[in-house]
Ligand SMILES: [Zn+2]
């Protein structure tokens, strides 16, 4: 069974993310390394880093990723916006490297009014720069987009092009189940559609480059291009979809990270994790 977990709060200190993970039985986690609403990313102190590492080591958390702020746009028509985004992403990647996290998951962004090919050039240059600016083994992880608004990275083909052109062993991919459904690249998570989808992702991206899944049900319809997550089994993907996904052996070595609203509205919880666990037993 893969490492299953979810996005956790680190309010009050990064090490509390580990405590929050243990409380819900998460073995794979994601959190914000610094405020997701600010361009400035405060570096944790040496003490904060040591405390996090100590707690993480003693825990059953096996995979940890940071998530970048949603402000970031590496494909923006505005050069200043790209500069700020590169700086912010580099700072967050630096935090991930310092605390020994596996990587930083981020959304590439949108070229808005500029042609997609030009937006792609901008994003590729910016991603290369971020990787260069933070040496080490920490991974920069592209998340697939829900589509719409000229967003980059909604398809295997686009993400594959980024990987091929940047050609860094540290550039990886996170596959969000809700975004794929909302972007219209999988109509329903049936065994046939799942096989076809990941055959394509294997060709374009390479399954070994997918390191994590964002496991979310969708509040919005297929091809809606509208990104709204739902608890597992409560959305348009449905429980059967996740049971089918659990049978896809090519996904068993990935970190399965929930980003759901939670049954109490407090984010990923024990109940969602248990529902997901049960999908592997069905
Ligand atoms: Zn996601």
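The backbone N, Cα and C atoms fix where each Cβ goes, and this holds for glycine too.
TrEMBL annotations: computationally assigned, not manually curated.
Annotated Zn(2+) 1 binding site per TrEMBL: 67, 107, 143, in sequence order. Counting only residues at least six positions away in the same chain, the Cβ atoms of 7, 30, 31, 32, 36, 104, 105, 106 sit under 8 Å from the Cβ of residue 67 (Zn(2+) 1 binding site).
DSSP assigns residue 176 (Zn(2+) 2 binding site) to a strand in the three-state reduction. Summarising the annotation, TrEMBL assigns Zn(2+) 2 binding site to 143, 176, 214, 259.
The feature Zn(2+) 3 binding site is assigned by TrEMBL to 179, 227, 229. Applying an 8 A CB threshold to same-chain residues 6+ apart, the list for residue 227 (Zn(2+) 3 binding site) reads 146, 178, 179, 182, 220. In the three-state DSSP scheme, residue 227 (Zn(2+) 3 binding site) is classed as coil.
According to TrEMBL, the feature domain 'Xylose isomerase-like TIM barrel' maps to 19-268.
A separation of roughly 15 Å, to the nearest angstrom, links the Cα atoms of residue 107 (Zn(2+) 1 binding site) and residue 259 (Zn(2+) 2 binding site). All protein chains included, residue 214 (Zn(2+) 2 binding site) registers 26 other Cβ atoms within 10 Å of its own Cβ. The record gives 67, 107, 143 for Zn(2+) 1. Within 8 Å of the mean position of their Cβ atoms, the other Cβ atoms in that chain belong to 68, 70, 105, 106, 141, 174, 176. Checking the binding-site residues 107, 176, 259 against ligand 1, the ones with a C-beta less than 6 Å from an atom of that molecule are 176, 259. Mean predicted confidence for the domain 'Xylose isomerase-like TIM barrel' (19-268): the pLDDT average there is 97.
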